[in-house]
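K.L.:
So that we are looking at the same thing, I have put the structure below in structure tokens.
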């Protein structure tokens, strides 16, 4: 993550989407939230933010995916990011943002968080506000749990709400094939379904961890750069509730594994399904097979860098 020391007239910043290769959800807290422990991997689907000076704050969208249902008002996460940076630095002036989106919307891959991360970095450069890495990460955490990771990128362990990051070593490149649903799944609904499941089956299952942790096998597989090892330990506590709310995802998981995927996992709260392939050739074959089944499919690799300035 880098920023310029002097202001510019226009800035282009880019931030990646993510896959949660492991996600363990702790018990429901009194404040209504859950602590989590997750292994994030940034993947090669990007949000490109073009920032230009303006008197006010505005945003428009383009890109490879349908953005018609996105809000362009003040509650948009990118607008909130720009306003937060301006407020925290005392900057007077606004910004117009043009965001080219390639990360699926409401797909559990952190597209909105990537928008916010790239906006923070773009506006910091545009305005010459010279925030440090730690300052940008802290601002990101105010905006959402996944925003700090979109700034940092690579592979990392997230704890707390997912915003307390520690880097994790990942060797080599992992090949992912992503099946994109034509619908979104509400993150609060998925967490709510998880809580209801745990309450219904409290006598039959182990209680949720108060302080969740990422399994050591996940860290070992990432360090080894071994997709076969990683396939054995992919884990998501939100997968079962997501499948309950969207049963068709189970058929997608089965289809991918029948066509050569080492394993499949619902990414985050879904509904994107991420399939891990053994190598590039296997990923291409899987992409063709899933496309033939009339699924919307994207191939991506990870890990990749976090938010960075492209021009400006």
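Backbone N, Cα and C define each Cβ position, glycine as well.
Quick paste from Swiss-Prot:
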- 18: active site (ACT_SITE)
- 146: active site (ACT_SITE)
- 104, 105, 106, 107, 108, 109, 110, 111, 112, 113, 114: ATP binding site (BINDING)
K.L.:
Using Cα coordinates, what distance in whole Å links residue 106 (ATP binding site) and residue 146 (active site)?
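P.N.:
Each residue's Cα considered, residue 106 (ATP binding site) and residue 146 (active site) end up 13 Å apart.
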K.L.:
Judged by the number of other CB atoms within 10 angstroms, which among 106, 114 is the least packed of the binding-site residues?
P.N.:
106
K.L.:
What does DSSP call residue 110 (ATP binding site) in the simple three-state scheme?
P.N.:
coil
K.L.:
Taking every protein chain shown into account, which of the binding-site residues 104, 108, 110, 112 has the largest tally of Cβ atoms within 10 Å of its Cβ?
P.N.:
110
K.L.:
Looking only at Cβ atoms, how many others are within 10 Å of the one on residue 18 (active site)?
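P.N.:
Taking all protein chains shown, residue 18 (active site) has 32 Cβ neighbours within 10 Å.
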K.L.:
For residue 146 (active site), list the number of other Cβ atoms lying within 10 Å of its Cβ atom.
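P.N.:
Residue 146 (active site): 29 neighbouring Cβ atoms within 10 Å.
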K.L.:
When you put residue 146 (active site) at the centre and draw a 10 Å sphere around its Cα, which of the recorded positions 18, 104, 110, 112, 114 have their Cα inside it?
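P.N.:
Near residue 146 (active site) by Cα: 18, 110, 112, 114.
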K.L.:
If I take the alpha carbons of residue 108 (ATP binding site) and residue 18 (active site), what is the distance between them in whole Å?
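P.N.:
One finds 8 Å between the Cα atoms of these residues.
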K.L.:
Which residues, in sequence order, are found in the same chain with Cβ within 8 Å of the centroid defined by the Cβ atoms of 104, 105, 106, 107, 108, 109, 110, 111, 112, 113, 114 at the ATP site, excluding those residues themselves?
P.N.:
17, 103, 272
